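Going by Swiss-Prot, these are the annotated features:
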SIGNAL    1-17  signal peptide
MOD_RES   18  pyrrolidone carboxylic acid
BINDING   36, 186  Zn(2+) binding site
DISULFID  69-177  disulfide bond
DISULFID  194-202  disulfide bond
């Protein structure tokens, strides 16, 4: 409780004339962590994609465009304008859910030379940091009133042994969705952080 009260005090100072606050530092750490994860996601995806034949790339991309990511079930802003209109707490809550949805699937991410075994722990660290920011911005609001939405079904065929073609498709889907979701979280946290500085231009 003392930690939450302290963080609430810190975040309230974010609108004052002080150039840097502890609240902003917490946001900076979270943004830095998700930027790193987004870079890892991009590297994993592009290294995997470059290992495919041109026709395989074309077919998988076509299938992915017709498919959807599990995390699409998490209600989030549909465009940059809605993102900019969303409250800090809403952006943090969506980010938390997106990060949490990848803690288990990230363990099976493959491709390239990126440190795959470190992804899940880094997601857990990021989730913990976002939770601190949520607690600091709650102001008495219930954390996740629609908690049932947090329970997402596993990715299709996630627990099954697959043939070569289906395994290729699942890997492509996981990497593409992971990259997409880390980009979302990076955007949401960056906008939320910007809101702490009233003079800042938070245009996407």
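Every residue, even glycine, has its Cβ placed from backbone N, Cα and C.
All features noted in Swiss-Prot, drawn onto the structure.
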residue	record	DSSP class
36	Zn(2+) binding site	helix
69	disulfide bond	coil
177	disulfide bond	helix
186	Zn(2+) binding site	helix
194	disulfide bond	helix
202	disulfide bond	coil
Indicate the candidate from 177, 194 with the smallest number of other Cβ atoms within 10 Å of its Cβ, considering only these disulfide-bonded residues.
194
Work through the recorded positions one by one (36, 69, 186) and point out the residue whose CB has the fewest other CB atoms within 10 angstroms.
36
Please report the Cα separation of residue 177 (disulfide bond) and residue 36 (Zn(2+) binding site) in Å, rounded to an integer.
16
May I ask for the distance between residue 202 (disulfide bond) and residue 186 (Zn(2+) binding site), taken between their Cα atoms and rounded to an integer number of Å?
14
Whole-number Å value for how far residue 194 (disulfide bond) lies from residue 186 (Zn(2+) binding site) (Cα to Cα):
12
When a 10 Å sphere is centred on the Cβ of residue 202 (disulfide bond), how many other Cβ atoms does it contain?
14
Residue 69 (disulfide bond) and residue 194 (disulfide bond), distance between Cα atoms, whole Å:
28
How many whole Å apart are the CA atoms of residue 36 (Zn(2+) binding site) and residue 69 (disulfide bond)?
21
